[in-house]
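Engineer: Quick one: structure below, then a few questions.
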Amino acid sequence: MRNPGGPGWASKRPLQKKQNTACLCAQQPARHFVPAPFNSSRQGKNTAQPTEPSLSSVIAPTLFCAFLYLACVTAELPEVSRRMATSGVRSKEGRREHAFVPEPFTGTNLAPSLWLHRFEVIDDLNHWDHATKLRFLKESLKGDALDVYNGLSSQAQGDFSFVKQALLRAFGAPGEAFSEPEEILFANSMGKGYYLKGKVGHVPVRFLVDSGAQVSVVHPALWEEVTDGDLDTLRPFNNVVKVANGAEMKILGVWDTEISLGKTKLKAEFLVANASAEEAIIGTDVLQDHNAVLDFEHRTCTLKGKKFRLLPVGSSLEDEFDLELIEEEEGSSAPEGSH
């Protein structure tokens, strides 16, 4: 993974099984105990051989390898337990667990707005509590940035938003600390969308095509799987997205990527947010960028002269097979009633 913003920015420690030294057992020459009367021997020698040395030659290496294996497993368990207890990162079966550590910030080694954005992304991915977040914040500040922090009152140091504004005032562009974000309403169709089958990178995805959503969103788990948690793939999102009930959506950042629908590839801009159970939602922004034509009557989506089948949300499992017929012949005319 690239280290965004400089060396050591986001240290990821995947929990991987180590090769135990017990594998030495496999390298031991195979020794089979055969009763002495059946052993071949040179002519004129007594063929009767004691069985004890043969048994010990087999048992001793086996016991030694077993001892080494148990010792390695015993030594590994505390380390695994410690990582799992301290990482606090999101995990899914079959995926590696990542622990992200912020890069030190001196005030000049990185744009303050970018460093603060990445720090908040790491906070969300690691699921830090308030005390842990403040502890990592203080430990990450160095040089002039630490001087700014130490110049605050103890009450201000306990308020992340206050520390954030102080750092932006000290090292950011004029007026950066007081910029007013644009507010965007995320009013999706509430279960009335359609699925479109494709890929993001190498990962198969079932996109929810939602003409009622103004922005396109992917779940953080999908972003992490495709990018291996590369924070350099995220850029700050400076606006505010609110859902129908008025709550503010937590946005990790903007992800510029490419989606594949059959052989058709499309550039897409997604907000990375845990907004719903859907792994990816294609909103009107992406649809308009590529002049998509949705025909809900015939359940098709036309993009770049090609039609793709849509599956309504809530359809039976048997209808899932329709998604395999993702792409029709190029040049087929669009059905009447397309809009």
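Glycine too: its Cβ is placed from the backbone N, Cα and C atoms.
What Swiss-Prot shows for this protein is this:
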ACT_SITE  D210  active site
COMPBIAS  38-53  compositional bias 'Polar residues'
DOMAIN    205-286  domain 'Peptidase A2'
CARBOHYD  N39  N-linked glycosylation site
CARBOHYD  N274  N-linked glycosylation site
REGION    34-53  region 'Disordered'
TRANSMEM  55-75  transmembrane segment
Engineer: Please identify, from the recorded positions D210, N274, the residue with the sparsest Cβ neighbourhood, meaning fewest other Cβ atoms within 10 angstroms.
Structural biologist: N274
Engineer: Let's see if you can do this one: DSSP helix, strand and coil counts over the domain 'Peptidase A2' (205-286), in that order.
Structural biologist: 14 helix, 38 strand, 30 coil
Engineer: Could you state the whole-number distance in Å separating the C-alpha atoms of D210 (active site) and N274 (N-linked glycosylation site)?
Structural biologist: 17
